[in-house]
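A short write-up of the structure that comes next.
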Amino acid sequence: MESSDKVVETVIVGNYVEMETEGKPRDIKSKVSKFFWHGGSVYDAWFSCASNQVAQVLLTLPYSFSQLGMLSGILFQLFYGLLGSWTAYLISILYVEYRTRKEREKVDFRNHVIQWFEVLDGLLGKHWRNVGLAFNCTFLMFGSVIQLIACASNIYYINDNLDKRTWTYIFGACCATTVFIPSFHNYRIWSFLGLLMTTYTAWYLTIASLVHGQVEGVKHSGPTKLVLYFTGATNILYTFGGHAVTVEIMHAMWKPQKFKAIYLLATLYVLTLTLPSAAAVYWAFGDALLNHSNAFSLLPRSPFRDMAVILMLIHQFITFGFACTPLYFVWEKAIGMHECKSLCKRAAARLPVVIPIWFLAIVFPFFGPINSTVGSLLVSFTVYIIPALAHMFTFRSPAARENAVEQPSKYFGKWVGTYIINIFVVVWVLIVGFGFGGWASMTNFIHQIDTFGLFTKCYQCPTQLPPSPPPQLLNATAPLPPPPANVSLPHHHIHSR
């Protein structure tokens, strides 16, 4: 068995190592470029997963805690963190299975990035491919929309001279530059910096809230309504459902079969950021968070807060690229540009992908509620239900289980334990995530539309006070002085009539 495993590993890695070692850098400039720009190690994958998993959602988790209450908020984070790690593991197993089968057939992936819908197509057929493609693309599109909305929401707390809609126009143009980043190989330095940025922001939120202390008369009344409870729960489902780009990250690795535990390790680190920050902000501000979905809005302005806002803006630009790059690949394949060697031609071909994202960010600027809606309707299927079902159907026959490239660990109870866990994931997410979560988040989302309207200019902005009247107008409203003694008022003429 060990020798066959070694053969499999060689098959999986063969073409990939060839592809990456062709034209090795010979001068210092090329070596520096490779160091910053071209990553494919286990560490690169860990940074990519951890950086991509928590971005703007870090700022909405205190809002979720106000809906759920402290205990439920903590438990849901731990539970969905484990659930997300399990389905990311399933996706990695299916990727390795698909790639091994294809490379045994001498398929060359030298200029081709494997994506999730292709894995489904190769293992289960075109119907699975179509469903996977529809959910994945829609989720990634709205994931990119959320990053744009978050950019506008955050910059407003530094510069409120422009409304949030105008900031969305500006950041839409900035984020469009991600068309020039070829693939996930080239996110090496960005992933590293992105994780540093979220780490700073999380600990800023934690420390600033503790230093600020509890506001006067603070209340922690959550959970109060089922609608709010399940809305908060689905935002956390969304938080740990960032593995829609797992296949692309794996494909960017030199040895993709080493990915199995990476997402779990990334999740464990992310929990050290999300739990303290959400708990501390909720402790300090309590129910005030119910009307403030962005945690920055309640903390007093300071150089530390401004730094956190700026770092989150840069990180959201990076996360926009993470969410949008798989969409770029799908579009390139659809129009026959995916294997084009010219970066400029590919960048120009990718631009139409950004336009609908830009438009949707202007239509639905509901920072916070949109996360829960996307979580319940899209994330629930894309990264929880479909991978669990796909794994069960791929290995449903005894022959498929016997010849599987990766056998389930004895710690999971081999195949029986794996199937039990998969069935639990499907049933739980279908009922709680999609069912109750969909009802609650859509109810909340419609409430936002009714309250603020589509295309709202400045979502949840503080009400501007009317300008003070000029001094002469102020004097005009003062009581008139009494008339001189020799002047009589005409009121007696009125009575005489």
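Counting starts with 1 at the first residue shown.
Any Cβ shown, glycine's included, is placed from N, Cα and C.
Small disclaimer: the values here were computed from a predicted structure and weren't measured.
Feature annotations, courtesy of TrEMBL:
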DOMAIN    38-431  domain 'Amino acid transporter transmembrane'
TRANSMEM  74-96  transmembrane segment
TRANSMEM  133-155  transmembrane segment
TRANSMEM  167-185  transmembrane segment
TRANSMEM  192-215  transmembrane segment
TRANSMEM  227-250  transmembrane segment
TRANSMEM  262-285  transmembrane segment
TRANSMEM  307-331  transmembrane segment
TRANSMEM  351-368  transmembrane segment
TRANSMEM  374-395  transmembrane segment
TRANSMEM  416-439  transmembrane segment
#### Entry: Annotated stretches the transmembrane segment (133-155) and the transmembrane segment (227-250) touching (3 or more Cβ pairs under 8 Å)
yes
#### Entry: the transmembrane segment (307-331) in contact with the transmembrane segment (227-250), cutoff 8 A, at least 3 CB pairs, sep 6+
yes
### Summary
Spatial neighbours of the transmembrane segment (374-395) not adjacent in sequence (6+ beyond its ends, CB under 8 Å) are 83-84, 87-88, 90-91, 93-94, 97, 120, 123-124, 128, 131-132, 135-136, 138-139, 142-143, 146, 234-239, 241-244, 401, 404, 415, 418-419, 422-423, 425-426, 429-430, 433-434, 437-438, 440-442
